[in-house]
Amino acid sequence: MAEQSDKAVKYYTLEEIKKHNHSKSTWLILHHKVYDLTKFLEDHPGGEEVLREQAGGDATENFEDIGHSTDARELSKTFIIGELHPDDRSKIAKPVETLITTVDSNSSWWTNWVIPAISAVVVALMYRIYTAED
């Protein structure tokens, strides 16, 4: 069950949150905070199904990708019921940006320069051949 600290913050484990993935109990995680959006499902401008797809898990990346307004961010605070337990925070997948940065920093120079250069030369030659036939 949920643990409580001295500051009266309720901590929920990922296992607990995963159980709340249906229309009668819809919880999700945004920036390590746990939200109960059950009563907001019908009022969500993007539709109920958008929230239900994210229910029981971390919706931080999708929330940020949509570009919610300041009003939406303020409204979301009213649905906070606690925080993700500190032990479970490392279990949440890294954002895609982090993964892309890691892949880009490990790729070699030829994938960034040689392949595009060769592709450009091939396209230029094909264009020259095509225009020379006319």
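From the backbone N, Cα and C atoms, a Cβ is placed for every residue, glycine too.
Quick look at what Swiss-Prot annotates:
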BINDING   His44, His68  heme binding site
DOMAIN    9-85  domain 'Cytochrome b5 heme-binding'
MOD_RES   Ala2  N-acetylalanine
MOD_RES   Lys7  N6-acetyllysine
MOD_RES   Lys10  N6-acetyllysine
MOD_RES   Lys19  N6-acetyllysine
TRANSMEM  109-131  transmembrane segment
Neighbour count (Cβ, 10 Å) for Lys19 (N6-acetyllysine): 11
Separation of alpha carbons, Lys19 (N6-acetyllysine) and Lys10 (N6-acetyllysine) (Å): 17
Nearest-integer angstrom distance between the alpha carbons (Cα) of His68 (heme binding site) and Lys19 (N6-acetyllysine): 26
Integer Cα-Cα distance in angstrom, Lys19 (N6-acetyllysine) to His44 (heme binding site): 21
Packing count at Lys10 (N6-acetyllysine) (other Cβ atoms within 10 Å of its Cβ): 15
Intrachain C-beta neighbours of His44 (heme binding site), sequence separation six or more, cut-off 8 angstroms: Leu37, Val50, Leu51
Around the Cβ of His68 (heme binding site), the count of other Cβ atoms that are within 10 Å: 16
